[in-house]
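**Q** One structure, pasted below without further comment.
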Amino acid sequence: MLYLTGAMAYAQGAGREWETLNQEVIKLYQAGKYDRAIVVAKKALEVAEKRVGTEHPNVAKSLTNLAYLYNAQGQYAQAEPLFRRALAIQEKALGPDHPDVATSLNNLAGLYQAQGQYAQAEPLFRRALAIREKALGSDHPDVATSLNNLAGLHQAQGQYAQAEPLYKRALDIREKALGSYHLDVVAILNNLAEIYKAQGQYAQAEPLYKRAMGIQQNVLGLDHPDMATTLNNLAEIYREQGRYDLAEPFLKHSLGILERFLGADHPDVATSLNNLAIIYKAQGQYAQAEPLFKRALAIQENVLGPDHPDVAQSLNNLAALYQAQGQYAQAEPLFKRALTIREKALGSDHPDVATNLNNLALLYEAQGQYAQAEPLFKRALAIREKALGPNHPDVATSLNNLAGLYQAQGQYAQAEPLFRRALAIREKALGSNHPDVATSLNNLAGLYQAQGQYAEAEPLFRRALDIREKALGPNHPDVATSLNNLAGLYQTQGQYAQAEPLFRRALVIREKSLGPNHPDVAAGLNNLAGLYQAQGQYAQAESLHKRTLAIREKVLGPDHPDVATSLNNLAIIYKAQGQYAQAEPFFRRVLAIREKSLGPNHPDVATALRNLAQLYRATKRIAEAEQLEERAAKIKAGDK
C-alpha cells in the first residue's frame, strides 16, 4: 500500500552545509541505510537551528526528515514529537492554511495510521484535504495525494465502499493534471487495484496493475526499482488465484531488479524475498522457502534493527513455515518474539498484535492446547473489534478462529453463532460472492456435518463451491478443497458413487496446480483412499495410502503429524484384514510421532493409544491393552 504523505524535504535557505547534509540524508534513506541517515539528519537539524533559529520553516523540514527516518524503522514514539514540532512551526510561521501545513498534517496522520490509531488519523487527513482544496483548487495533484491518503485510511479499516470513490477521484485529477502516462498515476492505479483485490474482484484489479506496469515500463524501462512494486502487486493477485506459475517469474524479476539497483541487503529486497518464499511455501516447496525467509529476516534485523515491525513479519513467515511442517517447537519462540516486537513497537491494541495473537493461538490449537489458545483468540477478537469496528473482515477471521476452536472441542452450540456472525460480516463487507464468504460457508457446513445435520450442510458446501469456481476459476486449489468437502459429506452418508468423482476431480486440480508432491495432493490421495477403505476395497486403498505416506515423509519429514495419520491409515487397513504383524509397527510409530510432535497429552496421542490397545486385545495381549487404555483415559480426563 502506497501512502503518499510527503517526501524527504529538499529545502534551501539554511546554507550550503545544510543543503549538502540533506542531500546525503536522502541518499542514505533511499539506500536503506537508516542508522547512518539518522546521524546525518540530526547534524542537519543542528545546523539549521544554529543558522536560522528554532522556529524557521527549514527547521521544520529537518525535523520532518528525521521523523521520516524514525518512522521507517518503526520507532514511532521518536517520530511523533518531531512531526508535531514541525507542524507547530509551520502553522506559526506560514499560517494554519498553508499547503506545507497540509503536508505536515499528512505526515502525522500517516504515523497514526501505521500504529492503527485510525480515529486520530482521519481528522488530520481531512483537514489536510480541506487546506489543499482551498489553497490549490479542487483539481490540483496535491489534492489527489490527500484523497489517496484518506482512501488508504478507509481501506485499512475495510471500508472499501468509502475508499473506492476517493481513489477514483484522485485518479481522475492526476490523469487530467499530469496526463494518463505520468508516474504519479501509477500509485493510484495500484491502490485502486488493491481494494478490488481485497474484495476478490480479480478481474477488475488485474487490468489496473497491468496498466500501471505498462506506464512504468514505457517511462522507466523494464529494470527500474519502481517496476518491482508493480511486479510484486501483479504476482500477488496471481498467487491469490493459485496461479503460481504466473506469479513466480514476476517475483523473481522483481527481486533481481531490487538486488541490482538497491543492493543485496536493502529492506525492499527482504520484502521481495519474503514474497517469493510465500509462493514456494504455498506450493509445499518448504526447502526452497526456508533460506529465503531466513535471508529476509537477517537483512531486516541488520538494517532495521531487531525490534522493527517488519522483523516481526519475517519472524511470522518463518514460524508459519515451521508450523506447516509440524515443527511446532521451532515455530513457537518465533511467534512469541514477533508478538513481543509488535506490542512494544505498535502498542498492545494494534491490529497487527491481534494477527500475532491469532498465529500463536492457531499453533496451540494445532497441538491440542485449547486452553492456551482460547484467551489469545479472544484477545485478538477484542482488539480487532475495538480498532477496526465490529464489521471488519478481520473481525470475521477472529470469529472463525474462535468458532473453530469450539468446534474442535465439540462445543457446537458456542461455535455456530460465531460462524454465522462471521458469514454475515463477510457478506456485507466483501459481497456475497467473495472467496472469504465461501470459506465461511464451508466452516458453517462443516459444523453441521459434525453434528450429523447433512441436509443443512450440503447446500452450504454447494454454494461455497459455486462461489469459488466463479471467483477463482475451476482449477484453483480452493475449488479442490470445496470438492473434497462435498465429497466427504457424501461419503459420510454412504453415498460413495457421488463422492468418488468429486474426490478425483479435486486430486487432479491439486496435482495440476500444486505439483505431484504437494502436501495437499497427499491429502487428496488420502481422501480417495479413505473412500475405497470404507467400501472394503483394501488393495486400492493401500496403494494410495502408501503414495500419500511417501509424499508426506519426503516433504514434511518423518516426524510430522500428517505422516502419523498416513501410518495410522495403513495400520487400520492391515488390522481390518487380520494382518496384525504388519499393523503393529505402524501403530507404534504413530504413537511415537504424535508423542514427539504433539506432546504426551494431546488427544491424538490418546487415539493412538486406543488404536494400539485394540490391536493388543485382538491378539489376546490384554494386560498391555489395559495399560494403554488407562493412559488414554487419563489424557481424555485431563482434556476436559
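Placement of Cβ uses the backbone N, Cα and C atoms for every residue, glycine included.
Sequence annotations record features per position, and here TrEMBL assigns repeat 'TPR' to 60-93, 102-135, 144-177, 186-219, 270-303, 312-345, 354-387, 396-429, 438-471, 480-513, 564-597. The feature domain 'Nephrocystin-3 TPR-repeats region' is assigned by TrEMBL to 294-386.
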**Q** Tell me, please, if the repeat 'TPR' (186-219) and the repeat 'TPR' (144-177) are in contact, taking contact as 3+ Cβ pairs under 8 Å between residues separated by 6 or more positions?
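**A** Yes, the stretches contact each other.
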**Q** Using Cβ atoms and a strict cutoff of less than 8 Å, what residues sit near the repeat 'TPR' (354-387) while being 6 or more residues removed from its termini?
**A** 116, 118, 312, 316, 319-320, 323, 328, 331-332, 335-336, 338-339, 342, 348, 394-395, 397-399, 401-402, 404-405, 408-409, 598-599, 601-604, 639
**Q** Given a Cβ distance threshold of under 8 angstroms, which distant residues of the chain, six or more beyond its ends, lie next to the repeat 'TPR' (312-345)?
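**A** Residues 74-76, 270, 274, 277-278, 281, 286, 289-290, 293-294, 296-297, 300, 306, 352-353, 355-357, 359-360, 362-363, 366-367, 519, 556-557, 559-562, 597-598.
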**Q** Which residues of the chain, 6 or more past the ends of the repeat 'TPR' (396-429), have a CB below 8 A from one of its CBs?
**A** 158, 160, 354, 358, 361-362, 365, 370, 373-374, 377-378, 380-381, 384, 390, 436-437, 439-441, 443-444, 446-447, 450-451
**Q** What are the DSSP helix, strand and coil residue counts for the repeat 'TPR' (270-303)?
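**A** Secondary-structure breakdown of the repeat 'TPR' (270-303): 31 helix, 0 strand, 3 coil.
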